[in-house]
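A.B. asks: Sharing the features that TrEMBL gives for it:
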- A:12-516: domain 'Cytochrome oxidase subunit I profile' (DOMAIN)
- A:25-45: transmembrane segment (TRANSMEM)
- A:65-86: transmembrane segment (TRANSMEM)
- A:107-127: transmembrane segment (TRANSMEM)
- A:147-175: transmembrane segment (TRANSMEM)
- A:187-215: transmembrane segment (TRANSMEM)
- A:247-265: transmembrane segment (TRANSMEM)
- A:277-296: transmembrane segment (TRANSMEM)
- A:308-328: transmembrane segment (TRANSMEM)
- A:340-364: transmembrane segment (TRANSMEM)
- A:376-400: transmembrane segment (TRANSMEM)
- A:412-433: transmembrane segment (TRANSMEM)
- A:453-476: transmembrane segment (TRANSMEM)
Amino acid sequence: MAHGPAKGITRWLYTTNHKDIGSMYLWFSFAMFFLGGIFALVIRAELFQPGLQIVEPNFFNQMTTMHGLVMVFGAVMPAFVGLANWMIPMQIGAPDMALPRMNNWSFWILPFAFAMLSSTLFMEGGAPNFGWTFYAPLSTTYAPPSVTFFIFAVHIMGASSIMGAINIIATIMNMRAPGMTYMKMPLFVWTWLITAFLLIAVMPVLAGVVTMMLMDIHFGTSFFDAAGGGDPVLFQHVFWFFGHPEVYIMILPAFGIVSAIIPTFARKPLFGYSSMVYATAAIAFLSFVVWAHHMFTVGLPIAGELFFMWATMLIAVPTGVKIFNWVATMFKGAMTFETPMLFSIAFVILFTIGGFSGLMLAIAPADFQYHDTYFVVAHFHYVLVPGAIFSITAGVYYWLPKWCGNMYNETMGKMHFWLAFIGLNVTFFPMHFSGLAGMPRRIPDYNMMFADWNMISSVGAFLFGAAQVMFLYNIIATIVSGKKATDEVWENPEGLEWTVPSPAPYHTFETPPEYK
Amino acid sequence: MLKTARGLCAWLLGFAVMLSSSWVLAEEAEQLKFNMTRGVTPVSQDIHGLHMLMFWWCVGIGVVVFGIMFFSMFVHRKSRGVKPANFHESTALELTWTAIPFAILIAMGIPASKSLIELYDTSESEVDVLITGYQWRWKYEVLGEDVSFFSNLSTPRDEIDGFAEKNPNYLLEVDEPLVLPVGKKIRFIVTANDVIHNWWVPDFGVKRDAIPGFTNDSWAVIEEPGVYRGQCAELCGKDHGFMPIVVEAKSDAEYRAWLDEKKAAAAALAELTEKTFTFDELYAKGEEVYNRSCAACHQANGEGVPGAFPSLKEGISVGPIQNHIDVVVNGVPGTAMQAFGEQLSEVDIAAVVTYERNAWGNNMGDLAQPLDIYNHKQGK
């Protein structure tokens, strides 16, 4: 007979249950999403009009840095791990994750990492102010003293990610229900399997680069100091060898979520399942050989420049295959447009727009004009906000009834969608224009020729922020007083998670199900 | 952090006013720049062509993909009573939509590769300029001409803080622009003194990282005379947004005249090094130098920023004068304090040292003469 959760705070501290840990990851990432959002709104408030009104340039730089770090490592990555914790065991018919105690540990070190990172805001000299890409020597010789805390926080986040990734790989490889071969796994499971390998490959590289910084700062080495025989560009090579796969870590699980949602609401099976798997693998492979496209202006030799340009353009092929597959899934379906579907469709459209600007940025000579301008800011927010944030949101609306047993309010969900959709486009579309007009990124003040676009962006940012408050309200209202959901929730959804009752019992699949 | 609560209130009020009147802005619509400049060099025009080519490719692909998607969303909806089809595989289709993008990419990549090769050809230049990035100013040296100078932001502080109306070149103006001849192949050799900077002039299509300890190069043939403005394009610390670039392109004769003028000014400055100044002269000049070169970090009131930039109301300004001069001339290695010995003239350093020792309630009463600085640099 199944036993229920423990009572009180110890339930959460000691839990090894994948559902509890998944919930904690999701709430934690939601909190970080608001924290990172507040940082972003400080940036947009300062940029509302030319001149310095609200913050000093140094604090502005701390905001851009902390916004990036908190969103990447605190909001997006833990949210995907939270979804993986909840959904992977339920989708493959496993009773829990393979390594439940490590699961507890990998979550619980995160709040400490972010408490430490956030505490740097109150230190003398301020928080890290060298951008989330922390290029040396700005982040070494010229960094505020808090950089050491930043390095330690990054180490903890990396350890957490690696443990999470090991757990996911061990679970998927060992705990699938009888009959579920690799090529029958749901795409969310597939994309997470590939993502987990990317994490194990690159998080140690990040740990390496911050350790080299630590050595340069405190132990007299000169990895990144030309005066001691080092090379500042070495930092960028190592960082982006981590950094480029990292951006795919933030998008591949999103592909999996959208591949689950679109077939459900198009009432038609996913088009080209196996090509989706191969395309994901191809994207993951290519992500290791394109890192220097972030560095077209550092003075690479022409051969390097050409190689990284062509390799980068090549990524458009598998990515295109995925987009075409989603469109083909929708084609001749019988579609309805509930909130998860709206977010998924917006994902496909806006992620494609982000892909277009990515293709333009891949053209090395053109990148000499785009590089480090607001055009780049527009590009990566178009892939990350609709890509990661919208897909996570879609996933939450899609699976929330299964998690808590209650249905969310559809009207409020749709209002959230439209407000977020409009807010996002009003914020980030004008950034293409300010960037092309010549506005560099990471500046606290600017000439009047960029004023109109910036004002529009700032208004959009506050709109987008308001939409997320609505999201929070909607989730709480669903959990507290939502209408009871059915076990299937949607109309004939595909997957083992819909075969268990709503809400999903504390323990599911204690005896493995038979997969057709 | 919050500069003043008053600032916040003013901003909130401004927000409300701006929202209500934002469409008055439509009148300024002609000023609304939204595309990349064509620029005035062969490279920038090439880049603009590539940019537009890529843009139209993307528009074309977008129209097809989104067209099918929206068609589907309007026609294939459950509310119209359609029954869903069940097809979910087609190897032929998958191969087609792998092959077509592949072909398009080759069509995009070939002209891009050609432009790139041209962009990299810095050989046979007629004028060589060495550009060095400093926190937060640019140094220009015309190689072989013995002309070398610093170029600082010249926008008044009051315009930044909102106490004065902003002029049209707000934050894009400098005290000493770089002057270059039109119609000649100019090679820019770019490096940096402290952190990584990036020298970017959009109208030239030139954007190169300035990396301490390494040099990069790029080139331009400026086809039209004019004033071209750019900014630092790599985060380089606090005043990254405040180190603009201004290049004036002139005829060859005017360029020659400018070189002579610069050389004459340098010679006049050298003479001043031997002059003995009064305290008041040094103090007045020192205030000007301080606000231009020091106040960004040590603040106008000399109090610095705790944890980042030391206060000058205590510390070196009230210690032995030789030590004070040494820090200004040679900097403090491993910190943000640069060696100003090569950035400022002897006169400027003498003036700023005198100012720092006697400003903000400091009252050391002593002063430094340009010759003292000169002797210090010579190791005497």
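We count from 1, first residue shown onward.
The backbone N, Cα and C atoms fix where each Cβ goes, glycine too.
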A.B. asks: Report, as numbers and ranges, which residues of the same chain sit near the transmembrane segment (A:277-296): CB under 8 Å and 6 or more residues beyond its ends.
C.D. replies: 183, 187, 190-191, 194-195, 197-198, 201, 233, 236-237, 240-241, 243-245, 247-248, 252, 255, 304-305, 308-309, 311-312, 314-315, 317-319, 321-322, 325, 361-362, 364, 367-368, 371
A.B. asks: Check the transmembrane segment (A:65-86) against each of A:25-45, A:340-364, A:412-433 and return whichever range has the most CB pairs under 8 Å.
C.D. replies: A:25-45
A.B. asks: Taking only the residues in the domain 'Cytochrome oxidase subunit I profile' (A:12-516), give me the average pLDDT of this model.
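C.D. replies: Taking every residue of the domain 'Cytochrome oxidase subunit I profile' (A:12-516) together, the mean pLDDT is 95.
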A.B. asks: Given the transmembrane segment (A:247-265), which of the listed stretches A:25-45, A:147-175, A:340-364, A:376-400, A:453-476 has the most Cβ pairs that are under 8 Å apart from it?
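C.D. replies: Stretch with maximum Cβ contacts: A:376-400.
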A.B. asks: If I count Cβ-Cβ pairs under 8 A between the transmembrane segment (A:453-476) and each of A:25-45, A:340-364, A:376-400, which range comes out on top?
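C.D. replies: Per the Cβ count, the answer is A:25-45.
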A.B. asks: Given a Cβ distance threshold of under 8 angstroms, which distant residues of the chain, six or more beyond its ends, lie next to the transmembrane segment (A:147-175)?
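C.D. replies: Residues 69, 73, 77, 81, 84, 88-89, 92, 94-95, 97-99, 102-103, 105-107, 109-110, 112-114, 116-117, 119-120, 123, 127-128, 130, 134, 139-140, 185, 189, 192-193, 195-197, 199-200, 203-204, 206-207, 210-211, 213-214, 217-218 contact the transmembrane segment (A:147-175) from elsewhere in the chain.
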